[in-house]
Amino acid sequence: MSKAKSPQMKLGAFLMAGGHHIGAWRHPEAIAEAGVDIDHFIALAQMAEAAKFDMIFVEDAAAIRERNVNIASQAARSTGFEPLSLLAALAVNTSHIGLVATASTTYNEPYGLARAFASIDQLSGGRVGWNLVTSASELEAENFVSSGLRPHAQRYERAEEFAQVATAVWDSVDAGAYVVDGQVYADPARLHPVDHHGTRFTVTGLLDSPRSPQGRPVMVQAGASDAGKNLAARTADVVFTAAQTLQEAQSYYADLKSRMPAFGRQPGDLKILPGISPIVGRTESEARQKYDALQELIPDEVGVALLASYLSIKDLSQYPLEGPLPEMPQTDGIQSRQQLIIDLGRRENLSIRQLARHFAGARGHWQLIGTPAQIVDELEERFHAKAADGFNVMGAYFPGGLEDFITLVIPELRRRGLFREEYEGRTLRENLGIRIPARSA
């Protein structure tokens, strides 16, 4: 009898212009104008595909990232492609890797967004995923509504119904509905018009494309508040999260998976991929030198402004930078990230300046600095300790940060049997090992 195959990690490549480190665009090996360089993104996607990553991941906020133009002028995150446009370009320049883009339930309508993702899913042959977000930025809100950012609870209530409608739109067409046999173009028994009359949306009609080759686009979520975890347990196939310690990661993993049976789902229906920001060197000293060089690229005012944007304080610079974080109310923005920052500052006894410099590297995600073996030791521990099903890799700068992970870390993962040699299938669901969902009632 053949030996059962050991479980393997799932890996995403989280792309972001010149890199995830806030000072990345200043790095001599980074491409400062990468946010609007399509050849740059195609090259990164093809690089990740050659390494057999499960997916690439593109984030979004429909706004610049900083109100103060003097600070915005020092951060390259102010420009970039609209994610669905980028996904369409990447779809025709890749063949196996999954393509996940972020889109907001607060500033879109469900039929239009479901239709857009379904269209790119057809273009790609079933490789698309939607990272559902509720949008937590005041700057983003000001581009759409005069009343400002909606309260956290209202955003998640809308998101729940939005996801329900989008799923119904995708499920309105069965596999094989378009028979095109010379007699009929479509089998009416396989068409199921949406008939949704809800609190926020009224949608009636059919999706104007065939059913996805993977059943539905993969649903991705990143919420870690109580409302966010319930939404993920109900709807998500993949969850992207931030966890600093093994204990935090295990607690989140166990909590989220334990919520799934209440929604008729099994823990294996969902993959949890915490974000990681690896700085890898052939020696520990080389890795530390790379990290230190990146840290030198952070102007204090930029790091402090980035930190403040994830808290409920509009201007942290009014407080002594060598002092601790002040007390603050719970934000209506990203509540889980605010708490992560507060916990990190208290646990490590960090000043505002120290915390800002730490946060600037990966925005609260887990930073690993070391040799390939040291980094894989850490990843393997969390993978086997039920703290992660894989990881979303956030290169500190591009293309070098991703190249280092591929050339140095991936071979060590494979040597230990922790990562694939070849893709298992053609669709994102097949490669993630997530079943094709049954049509919703």
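Here the Cβ of each residue, glycine as well, is placed from N, Cα and C on the backbone.
Just so you know, TrEMBL annotations are computer predictions that nobody has curated.
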Given that TrEMBL annotates Asp60, Thr102, His152, Tyr156 as binding FMN, state which candidate in Ser225, Ser251, Ser258 belongs to that site as well.
-> Ser225
Residues Asp60, Thr102, His152, Tyr156, Ser225 binding FMN per the record - widest CA separation, whole Å | 20
If you skip the near sequence neighbours and keep only those at least six away, which residues in the chain come within under 8 angstroms of Tyr156 (FMN binding site), Cβ to Cβ?
-> Thr134, Gly223, Ser225, Ala227, Gly228, Leu231
Can you tell me the three-state DSSP label for Thr102 (FMN binding site)?
-> strand
For Tyr156 (FMN binding site), the three-state class that DSSP assigns | helix
Around the Cβ of Ser225 (FMN binding site), the count of other Cβ atoms that are within 10 Å = 19
